[in-house]
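Quick one: structure below, then a few questions.
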Amino acid sequence: MQVAFSVICVGLDNAGKTSLLRTLSNSQRMEIFPTPTMEIHYVICPKIGKYCLVYDMSGNGRHRSNWRILYQDVQAMIYVIDTSDSEYRFHLQRHLIEEVLNDDLIKKSAIPILFLFNKNDKKNRFNKDDLIKVLGLDSKKFKNKFIFKETSSFEISKLKEAIDNLTDALFSKKQ
């Protein structure tokens, strides 16, 4: 298996990180439990026909400090946001996103970040454009290339398109 690049996947607990990654990696496990610390997934990048190695990090508060350990070892980030979350959690999310984006390793590397606005299939959800503003992602103060996609673990075509967009951003950065 040839790995083209590695990615860290982060976000608050219960955002759907593991469900999305299992859908992308064709994992057949039906039961989803909170990720203890980290899971590893190999996801095919359709555009280049190679795999990316994805570190699926726990979103639990006590494990978030572990995210930083991998920042220097990855070439991209996927940040998953639950669009059906509560207003309180969006305030927590904004703080967490600022913390991640202001980390010296993230700022220095300027890696592309794919923001997946997940659970798009839910009835009571916030839309992507409103969340971009609420979460402060419309700011021009960050050097990282941001990609914004609405997704659901039931929409494999949108997930594959998002991975293609991340691949494009990563390889256009290298040129």
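Any Cβ shown, glycine's included, is placed from N, Cα and C.
A quick note: this is a predicted structure, and the numbers were derived from the prediction, not measured.
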According to TrEMBL, Gly11, Leu12, Asp13, Asn14, Ala15, Gly16, Lys17, Thr18, Asn118, Lys119, Asn120, Asp121 bind GTP; which one of Gly49, Gly59 is listed for that same site?
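The candidate from Gly49, Gly59 that TrEMBL ties to GTP along with Gly11, Leu12, Asp13, Asn14, Ala15, Gly16, Lys17, Thr18, Asn118, Lys119, Asn120, Asp121 is Gly59.
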At the level of the C-alpha atoms, what whole-angstrom distance separates Gly11 (GTP binding site) and Thr18 (Mg(2+) binding site)?
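That separation, Cα to Cα, works out to 11 Å.
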With GTP as the bound species and Gly11, Leu12, Asp13, Asn14, Ala15, Gly16, Lys17, Thr18, Gly59, Asn118, Lys119, Asn120, Asp121 as its recorded binding residues, calculate the greatest Cα-Cα distance and give it in Å as a whole number.
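For the residues that bind GTP, the greatest Cα distance is 21 Å.
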Report, as a single number, how many Cβ atoms besides its own are within 10 Å of the Cβ of Ala15 (GTP binding site).
25
Here are the binding-site residues: Gly11, Gly59. Which has the lowest count of other Cβ atoms within 10 Å?
Gly59
What residue among the binding-site residues Lys17, Lys119 has the most other CB atoms lying within 10 A of its CB?
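Answer returned by the neighbour count: Lys17.
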